[in-house]
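Per TrEMBL, the features are as follows:
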COMPBIAS  499-510  compositional bias 'Acidic residues'
DISULFID  C62-C65  disulfide bond
DISULFID  C404-C407  disulfide bond
DOMAIN    16-142  domain 'Thioredoxin'
DOMAIN    362-486  domain 'Thioredoxin'
REGION    493-517  region 'Disordered'
SIGNAL    1-22  signal peptide
Amino acid sequence: MQFNWNIKTVASILSALTLAQASDQEAIAPEDSHVVKLTEATFESFITSNPHVLAEFFAPWCGHCKKLGPELVSAAEILKDNEQVKIAQIDCTEEKELCQGYEIKGYPTLKVFHGEVEVPSDYQGQRQSQSIVSYMLKQSLPPVSEINATKDLDDTIAEAKEPVIVQVLPEDASNLESNTTFYGVAGTLREKFTFVSTKSTDYAKKYTSDSTPAYLLVRPGEEPSVYSGEELDETHLVHWIDIESKPLFGDIDGSTFKSYAEANIPLAYYFYENEEQRAAAADIIKPFAKEQRGKINFVGLDAVKFGKHAKNLNMDEEKLPLFVIHDLVSNKKFGVPQDQELTNKDVTELIEKFIAGEAEPIVKSEPIPEIQEEKVFKLVGKAHDEVVFDESKDVLVKYYAPWCGHCKRMAPAYEELATLYANDEDASSKVVIAKLDHTLNDVDNVDIQGYPTLILYPAGDKSNPQLYDGSRDLESLAEFVKERGTHKVDALALRPVEEEKEAEEEAESEADAHDEL
């Protein structure tokens, strides 16, 4: 089974860390701002009289709304003289019917209207003012800008805040199938990037050959990347853009985390306390980032704002700066030991070992118990595989969290099950009932979607683990181990005669009561 890492969870951790900084007044734009307050009475006329409107449906008490408020105010100030684009707010605590009409289920919800109240589109951009401005300005422009003068193209690239994708056409270009592909991709990704098509002679001489177009991706402050794929279709072009659009050593926060996580390749973090630390690390990291583009993403993380994320990576947030690589597929973390001050040599060595497949992952684990003090076998990360993959035994494991209410409620039945097996010499040699605190211990290749997760690893068939999804009572658990386990040991048959008789009498009593009803 494969571990499914929850991207949304960590992204929300990163973004939520700064919410406490928002004041009670920030969700509602000030009266003197250029953000328009809309009500049920003014909504339709405003939307239909403006070509492009970004509307925020919000609640004044919402923490994320408080964080977004100043960004909207700043964006509206930048766009104040633009007749094509407007920014508006709808307070859903006051305009309940209007918000219900658009099925607003969470705050803030951002929708883009194009001159009519029906069928708005969801805002897909980042929630910083510059990103909002860029996104909305693109709504009033065609997906691809045609710029043929070299100076104008150079200026467009220099002024861009996001990557620019350029189609360089040879002078004799006509009826090109690739042109259709480029425009198709631009229509899909126009909100994220700037797309330009050019017949600039200077660019054509430098990048094209014969009658074949060239495709460039230019990141702010970096040299252009040139598409070199053998096939040119929308799938290959989108994949290339996804890889090349990420900076060699960009910063990561709640707004950018998702794009890095969805790349599904290892993510190398450098946690820094100040810009001097970051700049010094960049000199070491960027050459590796260029060499490993598309294989490893390298990012800086502001530890002053987001240092708590270190815990998610099995690192100590108090010992900075730090460097750690997170393999998103296996969920393994590889960090530079924090027993001494981090050096550039340490960073280099870890990267080289990771690339060579020689780095050792950091396993979060409690100490291995010297003595098992309970009938339920206490598993820890370091000893998990040794116990679970013992081919001679059926091993049932409860993966749990101490705060989980369901885990607490099932504990008595689980402990009783373990006691029945443990008290019988033959059964205890064939069956192990174990538990693992997943908040304190890492495990590889286990699909833990919630707590408790119960998995039986049958003797002699460890590659075919059995997920339990039945009732959490003693009888159901015992039946599961008996039916799915290799040894077919019946825990209920191991109960002392007195207990078995009491159980039978209790069952009969319950049956009689049911009949009377």
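Counting starts with 1 at the first residue shown.
Even glycines carry a Cβ here, placed using N, Cα and C.
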(message) Can you work out the mean pLDDT of the predicted model over the domain 'Thioredoxin' (362-486)?
(response) 95
(request) List the Cα distance (Å, whole number) between C407 (disulfide bond) and C65 (disulfide bond). (result) 35
(message) Please identify which of C62, C65, C404, C407 has the densest Cβ environment, defined as other Cβ atoms within 10 Å, among these disulfide-bonded residues.
(response) C65
(request) In whole Å, note down how far the CA of C404 (disulfide bond) lies from the CA of C65 (disulfide bond). (result) 30
(message) I'd like the per-state residue tally for the domain 'Thioredoxin' (16-142) from DSSP, helix first, then strand, then coil.
(response) 43 helix, 23 strand, 61 coil
(message) Quick check on the domain 'Thioredoxin' (362-486): DSSP residue counts for helix, strand, coil, in that order please.
(response) 41 helix, 25 strand, 59 coil
(message) Roughly how many Å lie between the Cα atoms of C62 (disulfide bond) and C404 (disulfide bond), rounded to a whole value?
(response) 27
